Amino acid sequence: MLLTADDKKHIKAILPSIAAHGDKFGGEALYRMFLINPKTKTYFPNFDFHHNSKQISAHGKKVVDALNEAANHLDNIAGSMSKLSDLHAYDLRVDPGNFPLLAHNILVTVAMYFPQQFDPHTHKALDKFLASVSSVLTSKYR
């Protein structure tokens, strides 16, 4: 999905705020995904799935760190996430349908914590960005 200059501006404006507390926001998004879509827990057999668990927060930070890395390479998301794509496709074999579920919960979390910044333009840009990241992460499945 092609990101416009305006999309990139909005992504770069909000991602540092999210990345500053990646464990909190990433953990919240994961917790919501696990709660709403229990089948996504399959890949985390030893996790404590309670709200604010250290395991969910730590993995949430990894998710947000990866998104921040992708945001630093908006003109080459595929290149910046190639190793992560390989990991999810070949080693972890994550169901590709899980990425849009997590993307949705990231949007919900950002909207909750950043209502002033999450205007329609930022919503559109972040949605396109997360769709692009999801596409890259599932590209090796084909």
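Count begins at 1; order follows the chain as displayed.
Cβ atoms here come from the backbone N, Cα and C positions, even for glycine.
Note that the coordinates shown come from a computational prediction; the quantities given were computed from them, not determined experimentally.
DSSP states for the domain 'Globin' (2-142), grouped as helix (H, G, I), strand (E, B) and coil, give 106 helix, 0 strand, 35 coil. If you look up Swiss-Prot, you'll see 2-142 marked as domain 'Globin', on the strength of sequence analysis.
The feature O2 binding site is assigned by Swiss-Prot to His59.
Its Cβ taken as reference, His88 (heme b binding site) is surrounded by 22 other Cβ atoms within 10 Å in the chains shown. Swiss-Prot lists His88 with the feature heme b binding site, giving sequence analysis as the kind of evidence.
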